[in-house]
Amino acid sequence: MTLKIRTIIILFCVISVTTTSQSLNATLKTFDPRLLNSTADRDIAMKNVPLVRLTRHLLSPERYDVRVRPILDHKKSLKVHISISLYQIIEVDEPSQNIKLNVWMIQKWRDEYLDWNPNEYGMINSTIIPFHHLWIPDTYLYNSVKMSRDETERYMNIQATSNYWKGEKGAELSFLYPAIYTITCRLNIRFFPYDRQNCTLTISSWTNSKSALDYYADTEVSMQSFIPNEEWQVKSFKIHRHEYKYACCAEPWVILQASLVIQRKPLYYLVNLIIPTSIITLVAITGFFTPASTDDDRTEKINLGITTLLAMSILMLMVSDQMPTTSEFVPLIAWFYLSIIIIISIGTFLTSVVLSVQGRRQYGRNPPQFIRYIFFVLLPQVLLLNVPPPLQTLWGELDDDPLNVRRRKKSHYLSRNVNNGSTKMASPMSTLRVPQSAGSVSEKRQSFQMIDVTSPNSPNTARSRAPSLAPSTAKATMWEGTMSALAGTNTQLRRTSNVFNKEVDEMRRKRQCSLEWEFLATVLDRFLLIVFVGAVVIVTAGLILVGRMAQYSYDHPDDRFFNV
């Protein structure tokens, strides 16, 4: 009985061991080491990753300190190479005298503390490390408007490349990051909108002199990724290295100066400001000096001048908003607007003068003879003006043509000189007088209209004497009465004719006076129109010419003739 019990117990144990062994084998087959959850298990797994081992090796606190300049011999300076790539000109703020640029910065230096053998770390020759785990130079933009780095630079990671294959210690670090710099720039807008600006980025360390950090840079700034600007054209962007000594330190400081030369594109200002201003001025000047309106009045031209002045003032304010506040010089476009305003002001004043000239017709006095000769004879030929036919007719009827009057004066002056010379010679012919046509044509015509029949020498009297011998006394008395009545009627008619002729002549002279002053104002209008249109054209062409000369002087600084 006891033997049977022992046999049963042994069989049960064998079966239990077999079952446990099978379940253990099944569990081992389904085991996945990635399912480890404990920290110790993860550390054991991560230690086998080469990149993790390399990073922990390089950044271990026992061998690397971000506060220490990464060079084994601290008596030597650490060389830092800087490259700049211009991406975009964001804004040029003339009133604030600054410029905003989007650039890509690259700083390269050698970190002698980051040393590893790629053979020990899975042939890893290069790795990426966050910037805050490594020492970086305190490179600073001296003339930055914004002081905070968070507002200007966006730091990323640093690429480390081993120098093991070069047989040297350490690693080469490349620190690439984008930046938006707003730098101060003294803008010279003397020849605006044909100006060229030179803005400089001053880059160096803020706390380390040349003995600690020695900066180098590429000569040219890369423009491969540059987005062209619609207003500015980049002429050059070069980096210059300088060494300066300051009073604080015995060692010199290395300063990198990146000079950005940009030139403004003037087409926008020509199309939107200069040409419209010239057109408005020409229209205003043409309105100033055109003939009178239908109501024979020029007073509306004063209102036109004042309105144009207001328009020019508004345009000048628009330009001044883009200019910096300076008293050192006046920009070229400001000279242009100032000249245009002066031209319009003088034109408005001279329009008042023309109105005054036109208004003198109410006084009933003709212009002086020299004025008549200049404005009625000389200037109309030059200005391609014709004397109005009514005025020419009046000159012919009144024998008052300015050219004939001048000729008569010359002939009278010559004849007087001849008479004076003849008197000195005491010639018998000196008693003779040359007939003078002092009277007008109307007076000559009037002298033949009426004949005094009572004159004893008249032919009517002679004829009346012949029959007076035959008739009787009664007939003679009747004849004498008739002749007396005729003589009185003739005298009355002569007086009436004289009064009528005088009134007609007076009306003609008043009409002549009015037409002459009106034509004088028209000649003045045409003359001033040509003068002021020429002035506007000269001012506009002068602006463009001076601007082109300024651009030429920028491109040819050695040419002294065009050096501005």
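Each residue, glycine too, has its Cβ placed from N, Cα and C.
What Swiss-Prot records for Cys185-Cys199 (among others) is disulfide bond, and it gives similarity to another entry as the kind of evidence. Listed in sequence order, Ile99, Ile183, Cys185, Ser259, Leu260, Ile262 are the same-chain residues six or more apart from Cys199 (disulfide bond) with CB atoms under 8 A from its CB.
Just so you know, the Cβ of Cys249 (disulfide bond) picks up 11 other Cβ atoms within 10 Å once every protein chain is counted. Annotated disulfide bond per Swiss-Prot: Cys248-Cys249 (among others), in sequence order, evidence recorded as similarity to another entry.
Per Swiss-Prot, N-linked glycosylation site is recorded for Asn25 (among others).
Per Swiss-Prot, the feature N-linked glycosylation site maps to Asn37 (among others).
Marked as N-linked glycosylation site by Swiss-Prot: Asn125 (among others). Sequence-distant contacts (6 or more apart, same chain, Cβ under 8 Å) of Asn125 (N-linked glycosylation site) comprise Pro118, Thr161, Ser162, Tyr164, Trp165.
In the shown protein chains, 15 other C-beta atoms lie within 10 A of the C-beta of Asn198 (N-linked glycosylation site). Classification of Asn198 (N-linked glycosylation site) by DSSP places it within a strand. Per Swiss-Prot, the feature N-linked glycosylation site maps to Asn198 (among others); the stated evidence is sequence analysis.
Feature annotation from Swiss-Prot assigns signal peptide to 1-20; the stated evidence is sequence analysis.
For 21-268, the entry in Swiss-Prot reads topological domain 'Extracellular'.
The topological domain 'Cytoplasmic' feature in Swiss-Prot is assigned to 354-526.
Cα of Asn198 (N-linked glycosylation site) to Cα of Cys248 (disulfide bond): a span of 29 Å. It is Cys185 that, of the disulfide-bonded residues Cys185, Cys248, has its Cβ surrounded by the most other Cβ atoms within 10 Å.
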